[in-house]
Amino acid sequence: TKQSLENKFWCQSLQWAERLLFRDRPMDTARIAVVGAGVIGLSTAICISKLVPGCSVTIISDKFTPDTTSDVAAGMLIPHIYPDTPIHTLKRWFKDTFDHLYAIACSAEAADAGVHLVSGWQIFQSIPAEEVPFWADVVLGFRKMTEAELKKFPQHVFGQAFTTLKCETSAYLSWLEKRIKESGGLLLTRRLGNLWELQPSFDIVVNCTGLGSRQLAGDPTISPVRGQVLQVQAPWVKHFIRDGSGLTYIYPGASHVTLGGTRQKGDWNLSPDAQISRDIFSRCCVLEPSLHRACITKEKVGLRPVRPGVRLQKELLAHGGQRLPVVHHYGHGSGGISVHWGSAMEAARLVSECVQARRTPSPTSKL
């Protein structure tokens, strides 16, 4: 059957990968599979290769850049709050991510990685409960907007000015893939029916599949929040503008300006909606009237993997006397770019604990 032929090919490809990976490695090499090739999966794979000595890393996904959800993201570092993730944890992830990307932005790699600084304003139609957000001392030059600046936005009464970082996500994903290959990692294209398929070819599995975790991890708490954005040619727009609600934003990038957006809960439709595009363009023109002259070059849709909090934990799968340690790392919603490196470092630490447990002989009882 077609399925059995696919499984045979899959096993052969894994055997080839194992021979390639373990050719020059010691026998106790920990074979780690990272499932998912968005920004969460790729960054986790790199952090594992850096933090866990004596391991091999293989990324398995049915989609790679430019076809991932991360490729649709505007890539601005402005963190989002998750009801079930503590603020102090979120701030640590954000700071680690900001520091990581800031170092890239200040290096010769900046253009290849698609990472750059961008300044602008976050504006509010009413004064927010927190005039100084938890991340204010992580971004650069955070301050309250002046009255003169607010005159540009007559419908808004309060604003924050700061400099943050922006990722050109497709360029950044390609850059991460290159780093993985340079460190000896493998990228394999495969759609999985369940995580158990990876046993016994791998010792530890890291689940970074986002919405795929509804099936692969049996998680009913994760659901899509549809986001539609426009890419326009407007090289005269140099500052970002974000409405405090997060629904309307203008994010200038290296080659285009991203206009957004939408937050459609439970909507799985990946096709752009022409009426929504007109609405986004109209809302953004209210904030930046010069956009009336902009030329729309692309409409894009992505499904954000949203749950009450990021799932970052270990699980031990058992089947017929066999065991497979899994580290789950998914559910970042619309804030994945803002915290990806910090949470990936934490996921890598959990993987390191799994590797240590595997290499530590279990005590046997004495009779």
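Placed from the backbone N, Cα and C atoms, the Cβ positions cover glycine too.
As recorded in TrEMBL:
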- T69, S70, T209: FAD binding site (BINDING)
- Y249, R304: D-dopa binding site (BINDING)
- 31-350: domain 'FAD dependent oxidoreductase' (DOMAIN)
- 32-52: transmembrane segment (TRANSMEM)
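Sequence features, as recorded in TrEMBL, placed on the structure.
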{"residue": "T69", "record": "FAD binding site", "Cβ contacts under 8 Å, 6 or more apart": "G38, G210, L211, G302, L303, R304, P305"}
{"residue": "S70", "record": "FAD binding site", "Cβ contacts under 8 Å, 6 or more apart": "G38, V39, I40, T169, L173, G336, I337"}
{"residue": "T209", "record": "FAD binding site", "Cβ contacts under 8 Å, 6 or more apart": "V35, G36, G41, L216, A217, Y330"}
{"residue": "Y249", "record": "D-dopa binding site", "Cβ contacts under 8 Å, 6 or more apart": "A74, M76, F240, I241, R242, D243, T258, L259, G260, G261, C284"}
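Its own atom aside, the Cβ of R304 (D-dopa binding site) has 24 Cβ atoms within 10 angstroms in the protein chains shown. Each of G36, A37, G38, V39, I40, G41, K63, T68, C208, G210, L211, P305, G336 belongs to the same chain as T69, S70, T209, is absent from that list, and has a C-beta within 8 angstroms of the C-beta centroid marking the FAD site. Averaged across the domain 'FAD dependent oxidoreductase' (31-350), pLDDT in this predicted model comes to 96. Of the residues the record lists as binding FAD, namely T69, S70, T209, the two whose Cα atoms sit farthest apart are 12 Å from each other.
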